[in-house]
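K.L.:
I'd like to ask some things about the structure below.
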Amino acid sequence: MDVEDENETLRRFFEGHDINGALEPSNIDTSILEDYISKEDSSEICFPDIPSSVSYASPQPCGSSGVHLSSVLSNVGHTGSINSGGVHHLGQQMAVRPGPGPTCGGPPYPPHLNCNNNNAMLNPKGYPMCMSNQGLPIKAEPKTSYAAGTLPDSPPDSGSEAYSPQQLSDPHLLRTMTPENICHITPPSRLEHPPPPHLQGPLPPHSIHQQHYPSMQRELYMKVESMMPQYQNLGPAMPPADLHHAQQSQMLHQLLQQQHGAELPVHPSKKRKHSDSPTNTLREQISNGGMVKSEPGLIQDNDSLNGSYLDPNYQSIKWQPHLQNKWVSLYDASYKELPMLTYKVDADKGFNFSTGDDSFVCQKKNHFQVTVYIGMIGEPKYVKTPEGILPIECFFLKLNGVKLEAINQAISIEQSQSDRSKRPFHPVTLSLPPDQVTKVTVGRLHFSETTSNNMRKKGKPNPDQRYFLLVVALQVQAQNQTYLVAAQASERIIVRASNPGQFESDSEVLWQRGQLPDTVFHHGRIGINTERPDEALVVHGNVKIMGSLMHPSDIRAKESVEEVDTTEQLKRISQMRLVHYHYKPEFASTVGLDENAAETGVIAQEVQEILPEAVKESGDLVCANGETIENFLVVNKERIFMENVGAVKELCKLTDNLETRIDELERWSHKLAKLRRLDSMKSTNSHTGSSQFSRAGSVPYKQRPPKVMGKTVPGPAHQSCVSQRFLQATIIALVIIMAFSVISMTTLYVLNLRSEDDMLGIDGSLTPPGSCTLTFFRQIHLTLPYALCTGSSQNFDTTQLKGNTTPPPKITKSPDWQQDPPLTINLCMDPPCEVVCCPHILSSESPTITRKTSAASAETISQTDPAPSTIIRKAKSRNLDKNRNSLQTLPRPVSPLPPYTQGKNKHSPNSLPVRDVRKRRSLEEESTPITPMDRTQGNSNDSRYSLTSLRLLETDALITNRSCSSMDTCGSGNYTYKLPISKYSPLSGSLSLELNSSSPVSVNFCETSKGKGCQEPAAVTSPRDQSCPQGTDVCVTQVSPTSHLWSLQLLPSQDFTFHLRVSPPGASGCDDLSIDPSQVTDYYFRFYRLCD
């Protein structure tokens, strides 16, 4: 019988059946195609292209003319397609019906690969051919001959994708054809030259539309898809994504308008809409039965190719570049070198990681599948080889295995067929469109042999285990030579035999039932929330333990035991810094911690400097955002806890020592208290003890009779005992008497010192008439004693102290003129001057002082002299040492309180209300003048503004700390000077006071206070100077910011005081509340008149 054409056969077949029903394989009559299928499977015949109306009875020889590529490209505009869920577009890879080659001989490169640049067809045996680089990129893959069978596409135990392509010429497909797979069959455009005349026959009625579509014998099935999306970073020459999308949409519209009316009849209900069609899928049948898919939709971006694939948490097997030194460079048509293409390999299935073997394991009987992503930048035309730049004939994908210990030894790869047979895997010819990503998936692969030394030893991996590496290489052919473009090799792989009893399951090896009931044994490391544990148990997150953590501590398991120095542990703990912190969000999400939880702890880098053995490196840590922390440090808090134990022990030792010392101090305190009580009792009985000691000392000493040599004088037996006791009692009595004597002498000495202080001190109290007061007036180099007698005409220079070893110098003066003490202010400008006496009035009432402030407000303050003057009734000679002669006790001033102190406080802010202790100074100390700044300079922390020197211009005398009323009134922001005025000075007048400072200050007059008034003569002028402001007794002339000249008006009173305040520059007055009181210094100048 004549063999019908495929199109005609299919058309007649579907016209005779109801396609609305279920077209099951059992319901299809395939008797019409039996003869055709049986003859087509022969590999020794070739079928030429014939029109659809021509039939032939015998196959044609291989020498028949084949398809010419030029004819296909010249008529590409007449493309026709059916609505099968996909459309053609610009640059789409189109299928070409293979035709016979010039000869049936094998190609020069592999035995089954024909790469001829001038031939656009596949050999009859169905091996891949090389694509011409001229014109539109075209993929053409033939169908390999298979014997008829009834096996399904995939083995039942395989999860791989269907191996057999959905072709019309596939006998198995014809038996299992359904309307669903028919809808996906698109007749590719056949734009060829007319067949030879002897093969032409009558055209069918619709031949006007079918003339370019010859028989579909040996056709390839291709599902058309949308154009692959562009890479994000393919280079500047790549068109933008929006322009590419616009071109794709335009070409889609053109192809839809060019569809021919005469198409295969398909039921409308079985048509798939364009929106329902699967996108991003391109299936091509290769010569050895592998599936080549182009699914760029699975590629997210360029970062996913480079970054996420290197993530250590990636689930699949890892790949690394292989033989990079042998990679060649590609060039475009203008001989410009193209950028390196993007090449990524991914193992979809077939490899499982074995924790016990620490490697990926592949069972030889199971399939493994590999997907390759190739991103081509530009259109390659040439390749640079050691022989020079050669034109590219084709690209192909090659898979093979190599041994890890010898990578030059290749392991062949096999591929399963539909009938479960295995054939060697041959390279896959590829067409790489420019500026696009091509996805190629090859499935049903097996290693041809297994690795060596796979047998386990005692349930553990064999130490002599051998490994394979799977190499996926992209190669290019030029002038019958192959060159490596890119290649990647996998991690080490163990390939095991198919006998499951030969190996134990990984689950059984890792997790086993323990020896005790309800126990499980695991061999290896465990990671919770992490896939790469570096310890026996690694937990990323919090751990909750309701019990206790136990640690080994048996002495029998320890050696080199040494006790630590707790002192060093305390020092290390004191150096550690405790901080509050939050973990970074990217780190917390990686290790399973709460991002907002606040933690308290230490810093590993700081602990590493103090306690290095408590810090350990745990390798690099990759966070969720891709950031890598190199040599991540962890802290052993158990080690720090033991440091705390040692530090606490050291603190306990220190506490015990302190308690011991406190107990000793308490015992000594009790003993001292008892001694004080005994001293007080002895001081009361010191007189009695002295008299007894005197009487005991007056008893005559009884000499013992001399001893006669060689003769013993007998005596009473009890006499020696009595004498021994008497001697002991005498010694004890002498010791007690001596102690009493020392205590009595000390007490008397202290009492005498106090009496002398009262006798020699003058504090400004009233002196009764007829008495003399001994007063010492100091000079810098001389101290002269004077006796001030009230109501007596005796001169000062005639009263001398009796018993002085050095009499005072004699001073000769006129009867009407008497020299005042050296520090007395004498305003007598034209001596001799008249005596102006302002006598002290004896009264029981305290003097009344009227204080004048800068606001002209007056208040009356009642003050009582703190200590009465001492009246010397008898002039008793007394020898005084130099220190005693150099002492001076000046009357205590009645100083007004500063305005910022409390009215009840009678002392300076830094002084205590205690009795002034008489301080001793030597003549050498007195010889050095002390300025008001001597005390403030001693305190470097004092920030007060003060003066450096005070000088009276009338007498050209410096006012120093010797003029202080007491040592406690000069310092800490308060200086009170007591200045005597001679009786020869008038009641009115002025004093010029020069104030100097080391830095600019502001000097303000605060207030004036005066005591009892004197009987002012009528001739005395007004005390106020007309040049001074009204209402004040002072006027100031500022010479410079550091020098001030004040004019003080004398007041007709027994004593009067001027109050000046030194403040920071810019102070408005004494009542300026914006000035800090700790920065001001108050100066009180108290003048009192000498009457007698």
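Using the three backbone atoms N, Cα and C, a Cβ is placed for every residue, glycine included.
Quick paste of what Swiss-Prot says about this protein:
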TOPO_DOM  1-730  topological domain 'Cytoplasmic'
REGION    145-168  region 'Disordered'
REGION    187-210  region 'Disordered'
REGION    258-282  region 'Disordered'
REGION    681-714  region 'Disordered'
COMPBIAS  681-695  compositional bias 'Polar residues'
TRANSMEM  731-751  transmembrane segment
TOPO_DOM  752-1092  topological domain 'Lumenal'
REGION    798-817  region 'Disordered'
REGION    849-945  region 'Disordered'
COMPBIAS  849-867  compositional bias 'Polar residues'
COMPBIAS  928-945  compositional bias 'Polar residues'
CARBOHYD  Asn941  N-linked glycosylation site
CARBOHYD  Asn961  N-linked glycosylation site
CARBOHYD  Asn974  N-linked glycosylation site
CARBOHYD  Asn996  N-linked glycosylation site
K.L.:
Pop the Cα-Cα gap between Asn974 (N-linked glycosylation site) and Asn961 (N-linked glycosylation site) into the table, whole Å please.
P.N.:
12
K.L.:
Run through the Cβ atoms and count how many others sit within 10 Å of the one on Asn996 (N-linked glycosylation site).
P.N.:
18
K.L.:
What number of additional C-beta atoms lies within 10 angstroms of the C-beta atom of Asn961 (N-linked glycosylation site)?
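P.N.:
So the number of other Cβ atoms within 10 Å of Asn961 (N-linked glycosylation site) is 18.
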K.L.:
Between Asn974 (N-linked glycosylation site) and Asn996 (N-linked glycosylation site), find the distance joining the two CA atoms and give it rounded to the nearest Å.
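P.N.:
Their Cα atoms are separated by 17 Å.
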K.L.:
So for Asn974 (N-linked glycosylation site), how many other CB atoms are inside 10 Å of its CB?
P.N.:
21
K.L.:
Taking only the residues in the topological domain 'Lumenal' (752-1092), give me the average pLDDT of this model.
P.N.:
59
